[in-house]
Every structure is written in structure tokens, then in C-alpha cells.
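This report concerns only the one structure given below.
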Amino acid sequence: MASSTGVDAHPGASNNNNTHLSGPGARSKKLNGDGGLKATIISDPEAVSLGAGSSGGDKTHRKLKSRHIQLIGIGGTIGTALYVQIGRGLLNGGPASLFMAFTIWCSFILAVTLCMAEMVTYLPISSPFIRFAGRYVDEAFGFAAGWNFFVFEAMLVPFEITACNVIIHYWSDVVPAGGIIAITIVLYGLINLLAVQWYGETEFWAALGKVLLIIALIVFTFVVMLGGNPLGDRFGFRYWSTPGAFTELYYDGSLGRWLGFLQCLIQASFTIAGPDYVSMAAGEAENPRVVMPRAFNAVFYRLTAFFVLGSLAVGILVPYDDEEMALAFRSGAPGAAASPYVVAMNRLQIRVLPDIVNAVVLTAAFSAGNSYVYCASRSLYGLALEGKAPAFLTTCTRAGVPVYCVLVVLAVALLSFLQVSNNAAVVLQWFVNLVTASQLINFSVMCATYLRFYRALQAQGISRDSLPYKGFLQPYAAWYGLAGCFIMTFVGGYTVFLPGQWDVPTFLFSYTMIGVVPVLFVGWKLLKGTKFHKAADIDLYKDVEEIDEYQRNYIPTKSRQVQSPTDLLFRPVLMVAVENKQQRIREGVGLALWLGNE
């Protein structure tokens, strides 16, 4: 997807007389201007986040490994939307519209990914794109973008908690909704208040289960469509011709089919993400200049395969006029009852599998919510580091966890108790409408920020070939992503303007953030008197020296070479044992280097 051109990527940086040691208890010795030695004790170089110390007070720890980053990116994106909510798109537009919409939207996600990968790999700091928006465009722009992203991530937490409650009630109503919500929030708190590597491990295994489920469902689709089902029905692409590939929404004829496709595109814009979750882990990733390019590439291609093939599978398995699925969505049926996959299993009289799907979907919902707690807390932490949120939020535990940021996000999660007095399906739709606009605003911000970054490189005579990651088709990809995401931001709630479709809650949830973000921008601009940064004046070097120093101190480890598609899929699992052994080797080497300098 892009070229990787190096590791130390401080454009124009000169060599200096540094002696760097790595390992537990290692000492970093650096020559002062007068020739004297300045000694800094680094207890664990891999644990110190870039930008720590004088450059910004970042106290998070670099404990997330390559396998963690890749599965966090996948796990944060794959939630209940891919397994359950995708059925609503099928009802609205038909199988062809659904497949086309998901395929087209993946091209916009590719454009956003190219933008984020180039910037984040160059400067892998905590809450990167939020802070880039302030550095490369305008501090007021960064303030508005940061709080929008926080609202987006924080609102997704109660969305997934609500989904967890709905899924559990697929089996039984014995446990009250309030109890399930409380237990889920407590579990999120325990996982996210521990050291970041424990969050990484939890998310790694949960995300792996989601990946295996979607692969299994795609294989299931292929088998049953060819007649491998109890009915012996070789139905193939039957439902694309009967009842048809397109359905009409709100109006008859071509207009109705267009609106059906548009509704599927809106569904895709909520369902498909990825680069934002990968980038948020940059400040806590080991060896980020090497790990992050691989993570961006792997997450995009795997997610594209899952979402495009998933949308195709759904249209093969169930006709768009299936009454069971339509009734499940109308009545807010619990769990995966509304999932097209479960509906297909019931149509084909396949038993047991629906319960297995529901169990893994529960894991998917819990894992996605867990990722949102992490991303929301880190976005708030990044705002605090930049002085755009209260300073006390920069407080971290000894393990490098921004404790107060996590607690704020868990407080927002209490909104999930709304479903105790409302239909769960209604509450879910509220959150979907609210965060869809926020997500599209985030993507627009990423593309706009990249365009300023690109212009700054040009103005300051810095070749993109000197960067550790160079995306293709730039800046055209950035303009393409910006145009698509910006337009779709306003399209999301269009249905309320159709005759007889006006609904105040839907309007407010669809367009609230579109109105709030400009207010935040103008308010901060007036309060602080900020100005748009000229390309020649943009500071491209802030925090870069710390990153280069970290990369020089980092002891690279030889990773096992992988070639086959199967190996690429299961590589993260195989790396667990390898990394444990490598950690023991690094500790031994570091200790030997330290003793040799005593």
C-alpha cells in the first residue's frame, strides 16, 4: 500500500555524539555542549512513551506489541454492526446496493488510511491525529477535532454496552438490564485501569475470536449456498434475482432504488473504520517506526476483505424481504436474532450454530466497547497534554494508565442505563445517529490535516522519500477522502427531511455534532486568539528528536518470516511465544551491556 523508507526519520537531522545503551537499567549517555557527560537513567527504554518529559509530559508506557496493534485496529472496528446491524442495510437497499456501498466506502477508508499512516509513522505520539490537527492546521481546529473524537469514542461505549445487554437476553431475561450494564462497566474499568499490556492482551484474544467468526461465517456462506445444508438446497445467488438485487425505499422506481443504495452507504460509513484505532495506539507501541506501517497495511486489507466479503455473504444468504429479519429489527429482538446469518441458519433448519454465533457476537460487542474505552481515554489524555482539557487528566498510574481519563469515560458509559426505561433498539439507533456524523467529521479532519502536512513538507523543502512511510496517490487520495467524508457527514440524517418522516430525536442525534464542532472551533479561536498556521511556519520537528532517540535505543528483534496466507492470519498467535523468549533475551543483553559499562 505504501513504501517504507527507513526508521530514523528526522528530515535533515545531523549525526551527534551519542552513546546509547538498551536493556533493563540501561544508561543513556549524551555529550553536553561543553564536552561533559550528561547521564540519564532509563529503567526500561521500551516502556517510555515518545514525547515524555520536557516535550509534553506524556507518561504513558510503550508496551503494546505488533500483534496487539493489529488486533486492536481490527477489534475496534468489528463489533455488532458487521454481524447484526448490517441486516438493516440489506432490508433498505437489497444485496447489490449493500455490496456496492461497502465496496465503495472501503475506497474512502483507504484514502484516510494513507493519510494517517504517513503522518503517524513519522510522528508516533499519543493521540496523534488530534494533536496533528492543532500543530498543522490551527490550534482551534485541533481543539474541535479532539473533543469531537472524544464524544465519538465515548458514545460508542454505551452503544456496545447496550448491545451486550440485548445479546445476553437472547438466551434469558433472568438477569435485569441494569445488572448486566453494571457488570460490563466494572469489567471495562478493571481491564483499562491495569497496565496497558493487559489491555492489549485482552483485546488481542477477543479480537482474534471476532476475526475467526467472520471467516467462519464467510466459509459457512460458501458451503450452504452450494447445497451443504440440511435441506440440500443449492440456492447460490437465487435471492439476487428473486426477489431481486435492488429494493426500493420510500419511493417507487429509480428514486426509491437510489435512496436504498444511499441508506446502505450510510450504513457502511458507520460500520467501516480502522485507521483511527490503529493511530490511537501509536503512543504506546513498541518500535513504532517499524510496527505502525505494518499495522496500517494489515488492518486496512484485512478489514476490507472482511467487510466486502461480509456484505456479499449477507446478500447471498437472505432475501431483502425476509419477514423474520424485518420483524426482528422492528421489535428490537434480543441478541443475534436479527443477524442475517442467524436468520439464514433458521431458514435452513440448522440448529446449535445460532447459539454459537450469538456467543461470539457477545464477545465482539464486549471487545469493541473495551477498545472504545481505551481510545476515548487516550483522546482525552491527548487533549489534556495539549492544554485543551483540564491538567489533572494528565495524571497517570505507575503503570502508565491515565486513570482520571478512564474514569471520565466510564462515567459517560452510565448513559447505557437509558435502555432500562426505553426500547433497546431505539437507544441503539440514537447512539448510531450521533456517532455516524462524528466519525465522518473525524475522517474529514484527518484528510484536511494531511493536506496541510503535505503542503508544509513542500514549503520547507522536505522530500517525502525521507519519511519512514510514503503513501501513494497523494495528495489526490487526501482530497478524495475529504470530499467523500465531508459530503456524507450531511447526508446521514437526510430521511427526516422526506415527507412524513420528520422525527426530532433523529434530527438532533444526526446533526448535533455538525453544529457543535464549528461552535467549539470558533469559541476556542476567539478565546485563545489562534491563527491558521502558514505552511512554511508549521513545526514538523517537535518531538521528532525524542522519537529518533527511542529508535536508536530500541534493540530490534528478529521476527519469524511468514509467507503463506494462513501464516499471515495466525502470525499474531504464533508470535506470543516468540515475543516471550525475545523479552528474556533483551533483558539479558541489556544487563550485560550495563555491567560492561560499570
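Every residue gets a Cβ built from N, Cα and C, even glycine.
Curation does not apply to TrEMBL; its annotations are automatic.
Just so it is clear, the model here is predicted, and its values are computed rather than measured.
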Remark   = As TrEMBL has it, transmembrane segment corresponds, among 69-86, 249-266, to residues 69-86
Ask   = Does the chain bring the transmembrane segment (508-527) near the transmembrane segment (146-171), so that three or more CB pairs sit under 8 Å (pairs 6 or more apart in sequence)?
value = yes
Segment proximity, the transmembrane segment (177-199) to the transmembrane segment (98-125), 3 or more C-beta pairs under 8 Å = no
Request  = Grab the same-chain neighbours of the transmembrane segment (356-375) for me: Cβ-Cβ under 8 Å, and only residues 6 or more beyond its ends, written as numbers and ranges.
outcome  = 72, 75-80, 82-84, 153-154, 156-157, 159-161, 163-164, 167-168, 170-171, 184, 187-188, 191-192, 199, 202-203, 206-207, 209-210, 213, 217, 276-277, 280, 335-336, 339, 341-342, 345, 406, 409-410, 413
Note = Given 146-171, 177-199, 211-231, 299-320, 472-496, the one sharing the most C-beta pairs under 8 Å with the transmembrane segment (396-418) is 177-199
Message = Under 8 Å between C-beta atoms and at least six residues away from its ends: which parts of the chain pack against the transmembrane segment (211-231)?
response = 71, 74, 78, 82-83, 237, 302, 306, 309-310, 313, 316-317, 341, 344, 348-350, 353, 357, 360-361, 364, 569
Ask   = For the domain 'Amino acid permease/ SLC12A' (68-533), what is the mean per-residue pLDDT, to the nearest integer?
value = 84
